[in-house]
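Structure record follows, encoded as structure tokens.
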Amino acid sequence: MPDSTAPDQAEAIQAVPTDASPTDAVASAAVASAAGVSPERSSTFSVTDRPGPAVLVLEDGRRFVGRRYGSEGQTLGEIVFATGMTGYQETLTDPSYAGQIVLMTAPHVGNTGMNDEDMESRQLWVAGFIVREPARIASNHRATRTLDDDLEANGVVGISGIDTRAITRHIRSKGAMKSGIFSGDLFGLSDSEQLERVLSGAAMRGRNLSFEVSTVEPFSIPAQGERIGSVAVLDLGVKTSTLTYLAERGFEVLVLPQSVTAEHVLSLKPSALFFSNGPGDPAASDAHVTLLQEVLRAGIPYFGICFGNQLLGRALGFRTYKLPFGHRGINQPVLDKTTGRVEITSQNHGFAVDMPIEGIHDSRAGFGRVEVSHYSLNDQVVEGIRCLDINAFSVQYHPEAASGPHDANHLFDRFRDVVLASQHGTAGETK
């Protein structure tokens, strides 16, 4: 098991050479050509370019000096780490990362560039981005632009060339915390001024971010193949692939803004309700909990993922709590208690439902019997909830797996089967 002791150094400084030979530009073009990348796709970045200095400041005073990556300026947010070796584009465009500065533990990031097909939403949502070694040239036939291009276009302030392993160990030991990245003129602020700005930033606990990431106007996606009904999707930060998987199961997908009321949802007469993933603290989303309770009392089947799992837990009368450093990566082992199978899952959550993982429990909100259906094999955190007396279930991880393994993709099939069973009058336990 890796050593979880925090690093001793209070500052990690990476030296970046300021000199470059006249042949570096030629070498850069040769590398792009050998990788089969067009000059347009290799961006305007040259190895003769040396980004200016940048500094990462943590709320406990630790400082890590490196080089600017992406846009120049200041950004504040909760620092978290993601352990995926691949899938950085899906991570960057996942609305669940809103308000967070994401550190990639993989040492090389950017190799495969960016494309339109793998976008999980309309933009990059991370508050900031941290990498060890940025790959400036995209070497993939699907790439239409570089990661540098998208970071600049979306105004994402980042930093590279710092000891990401040391920072990860520190977060794992001390927990996620406020942080800030400063570059350009703001790099020259005094240490105390930078730290003061970091400490003034908003904490994730108690924060409602749904309104920042949700669609403003409702829209619909037609069912693919035979239509089995409609599903009302509350957009709390939904990903594109999730909507695609629902449509592929025969649902007409009705995507609704997070501000919608239960009365409006019920007026649509949906076959089912779906709560998506999303950022923020579920304890700050009482309106969504109330909406869910009213729809459940109307007998409409429910499926929730990630944030939707936490909101189901609260709707059933259980509390949620903040994890020390969360689960973020595409290799998280989860036990499905119903089948006894272990699934390797894609996860991104900093909060969890507080419920004993063994036994059957009574809903404190009057929804009958409830049990934990899945839990993490790393730390026994609740990863799924199953209601035994109503048609409602949820998982804490991402069955759409964008990016990540597809072990849990069958949950969309289970949701379809639950809805079909309810239409035929066989409501009850969700198998």
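Count begins at 1; order follows the chain as displayed.
Placed from the backbone N, Cα and C atoms, the Cβ positions cover glycine too.
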Which listed span TrEMBL calls region 'Disordered', if the choices are 1-24, 313-336, 337-360: 1-24
L-glutamine site partner of GLY278, GLY280, PHE307, GLN310, ASN348, GLY350, PHE351 (as recorded in TrEMBL), chosen from SER71, SER96: SER96
Cβ-based neighbourhood (8 Å from the centroid) of the L-glutamine site, residues SER96, GLY278, GLY280, PHE307, GLN310, ASN348, GLY350, PHE351 excluded: GLY237, ASN277, PRO279, ASP281, PRO282, CYS306, HIS349
Among the L-glutamine-binding set SER96, GLY278, GLY280, PHE307, GLN310, ASN348, GLY350, PHE351, as the record gives it, the longest Cα-Cα distance in Å: 13
When distances run from the Cα of SER96 (L-glutamine binding site) to each of the active-site residues CYS306, HIS398, GLU400, the nearest one: CYS306
Residues satisfying Cβ distance under 8 Å from GLY350 (L-glutamine binding site), sequence separation of at least 6: GLU78, VAL80, ALA176, MET204, LYS322, LEU323, PHE325, GLY326
Of CYS306, HIS398, GLU400, i.e. the active-site residues, those within 10 Å of ASN348 (L-glutamine binding site) when Cα atoms are compared: CYS306, HIS398
Overall pLDDT for the region 'CPSase' (1-226), taken as the rounded mean: 83
